[in-house]
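Residues annotated as repeat 'WD' in TrEMBL: 96-118, 119-160, 161-202, 203-244, 245-286, 287-328, 329-370.
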């Protein structure tokens, strides 16, 4: 039997007693959903009628112990009786943003498939969309030569970054959310202040258009994928090139760092993805198995898996250690532009030329939701980030 999802209620939202409350049927993983506020030293475990839970593998409440009533108090857990074994964070927020050549970006509910908000204001195709680390801002990149920042709460555009002389292909936040990194057909990468929209730096030593530019997790490095087989690594402080990574036979479309910044994952027109050691420049793994270009490749949050998106109309997941194919995600009616894992690693989002984005389970490949509403090709999709998780530890109960 799986574990029931629990929800954590801080004292001030639960009548003075912090609580753990069962909110759904058994599920493969245990997650806590913080609601804000201050944690008290006593936690109360609640359980909905007819459900059974096991926490940490050491405490189980059988059905016959559940009294009548829908939120029967089962046990009070004193904080001092918990043996710390692991931290558990909250699951994904359940929203996805998409970018389309119909000149708009949209925000969707994964639960219902409803479009929650439309971000309209670009004069041409929207090529990329990304969330700020705190989830409050949305960045868009457009072929109208601008990038924009929007408030996710109400869809208001608060900053327009003007300065590129060609289409802007990607726009990604720095890890601290203070800077926005844009790549362009004009052969430059630009860095913008997210508070004011002012230009703070330009990397211009490129001979071809730039498909993507991303920060390392610590914000110290920038990986730039240009319209050739090499990826260059730059210092985000001195703005000098520090390394060139090679190995692909054709141009590279995307690059992403692993969670610890030690590896770089690239996707290429040569139908392969590569994992390269950033420090040594040596190729650690070559992933092959698609029948067309790879437009995008992304690590799972723990960097143990990779998802790839291809012109063959499928996304595939792979072991980042062995290169073994795990799943093939089929269902789109045209080629895929991108794919990415959710912050908890349990879901994958894909964007396709068929005008839809889809959300899939990462463990079995089931399609959870088809997001259909754009009037044209969906170029990009991104999961809304987790709110900052309250770290909790669960073990044996006294």
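Here the Cβ of each residue, glycine as well, is placed from N, Cα and C on the backbone.
All TrEMBL annotations are machine predictions without curation.
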- Query: Helix, strand, coil residue numbers for the repeat 'WD' (96-118) per DSSP?
  - Reply: 0 helix, 15 strand, 8 coil
- Query: Under DSSP, the repeat 'WD' (203-244) has how many residues in helix, strand and coil?
  - Reply: 0 helix, 22 strand, 20 coil
- Taking every residue in the repeat 'WD' (161-202), the average pLDDT works out to 98
